[in-house]
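J.: Feature annotation from TrEMBL assigns domain 'Succinylglutamate desuccinylase/Aspartoacylase catalytic' to 6-201. What TrEMBL records for His16, Glu19, His111 is Zn(2+) binding site. Summarising the annotation, TrEMBL assigns N-acetyl-L-aspartate binding site to Arg58, Glu173, Tyr283. Under the heading substrate binding site, TrEMBL lists Asn65, Arg66, Tyr159, Ala160, Thr161, Thr162, Arg163. Feature annotation from TrEMBL assigns active site, proton donor/acceptor to Glu173. What TrEMBL records for 214-294 is domain 'AstE/AspA barrel-sandwich hybrid'.
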Amino acid sequence: MTEKPIKKIAIFGGTHGNELTGVFLVQHWLQDGTEIQRTGLEVKPFITNPRAVKKCLRYIDCDLNRVFDFENLGKKMSEDLPYEVRRAQEINHLFGPKNSEDSYDVIFDLHNTTSNMGCTLILEDSKNDFLIQMFHYIKTSLAPLPCYVYLIEHPSLKYATTRSIAKYPVGIEVGPQPQGVLRADILDQMRKIIKHALDFIHHFNQGKEFPPCAIEAYKIMEKVDFPRNGNGEITAIIHPNLQDQDWKPLHPGDPVFVTLDGKTILFSGDCTVYPVFVNEAAYYEKKEAFAKTTKLTLNAESIHSSFH
């Protein structure tokens, strides 16, 4: 499959202001971008939510990573709008507009998770050969360090992510790391992912052909909330057997929650699933204890750029 060469790339940090690896890397690259420059590419590092970064909060008024839908992007600009909705319109203006010819080719959005997910690449479209090829290249380059692919394609769960304004949106999620903390090992992993991704694009632009490939991916099924009482208060917490077991199989009948009086709540599903974002700090407010995924294989045709 012939694709146009990639010209414009952005690297977003601070979409969530307390996920510090992306903030730290982007601030460094704004000072000295040598590491992320590649011949013939425009690579722009950018802090997406500066107010939240300043306060070291996930967001000021609402989650910036959930408001890039056409309803919010089309709202009449006014001081009454939530800060993140106004910011989304500015970002869409600078790097979009979403779904247009003028939008940036690739946006890497850098995130951290408190969950034990290691290196994770987030894919929004299972039919995107270019990104499947890129993810295959990154996974191969990082080996033996594992790198997982999380597919968030779903008929009813719509994310409207900050990166979704690009032709090729890439979510990069590295953990475990607490909010407001920088860990050197996590920083090193995220840095390597970006290096390999930019190398892939550089090779692609130079006319290198990438043969057909397949990658393993984990596709979201549904989100699971904590058990709660009538007042909406949590009545059980993640069971020790499930804690830190992201990407590991969870079978029907396995322990998932435990109550304060020691009662174990078992997984009631009818098939084996693979949990992700287990006990993620930022998802307590979203009423999500973990997400269930199913494992599948994604295939991509061979690709090369039309440049040569």
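We number each residue from 1, going along the chain as drawn.
Every residue, even glycine, has its Cβ placed from backbone N, Cα and C.
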J.: Inside 8 A of the center formed by the CB atoms of Arg58, Glu173, Tyr283, which other residues of the chain have their CB, for the recorded N-acetyl-L-aspartate site?
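T.: Same chain, not in Arg58, Glu173, Tyr283, Cβ within 8 Å: His16, Glu19, His111, Asn112, Thr113, Thr114, Phe277, Glu280, Ala281, Ala282.
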J.: In Å, rounded, how far does the Cα of Glu173 (N-acetyl-L-aspartate binding site) sit from the Cα of Ala160 (substrate binding site)?
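T.: Per the Cα atoms, Glu173 (N-acetyl-L-aspartate binding site) and Ala160 (substrate binding site) stand 17 Å apart.
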J.: How far is it from Tyr283 (N-acetyl-L-aspartate binding site) to Arg66 (substrate binding site), counting Cα to Cα, in Å?
T.: 13
J.: Can you check which residue among the binding-site residues Arg66, His111, Arg163 has the largest number of Cβ atoms within 10 Å of its own?
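T.: Max Cβ neighbours within 10 Å, all protein chains included: Arg163.
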J.: Cα distance, Arg66 (substrate binding site) to His16 (Zn(2+) binding site), nearest Å?
T.: 11
J.: Give me the Cα-Cα distance between Asn65 (substrate binding site) and His111 (Zn(2+) binding site), rounded to a whole Å.
T.: 10
J.: By Cβ count within 10 Å, point out the most packed of the binding-site residues listed: His16, Arg58.
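T.: When each Cβ's neighbours within 10 Å are tallied, His16 leads.
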J.: In whole Å, how far is His111 (Zn(2+) binding site) from Thr161 (substrate binding site) when you measure between their Cα atoms?
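T.: With the alpha carbons as reference points, the distance is 12 Å.
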J.: Cα of Arg163 (substrate binding site) to Cα of Arg58 (N-acetyl-L-aspartate binding site): how many Å, rounded?
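T.: About 17 Å separate the Cα atoms of these two residues.
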J.: I'd like to know which of the binding-site residues Glu19, Arg66, His111, Ala160, Thr162 sit within 10 A of Arg58 (N-acetyl-L-aspartate binding site) at the Cα level.
T.: Glu19
J.: As a quick check of your reading of DSSP, tell me how many residues in the domain 'AstE/AspA barrel-sandwich hybrid' (214-294) are helical, how many are strand and how many are coil.
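T.: Each residue of the domain 'AstE/AspA barrel-sandwich hybrid' (214-294) counted once, the result is 3 helix, 34 strand, 44 coil.
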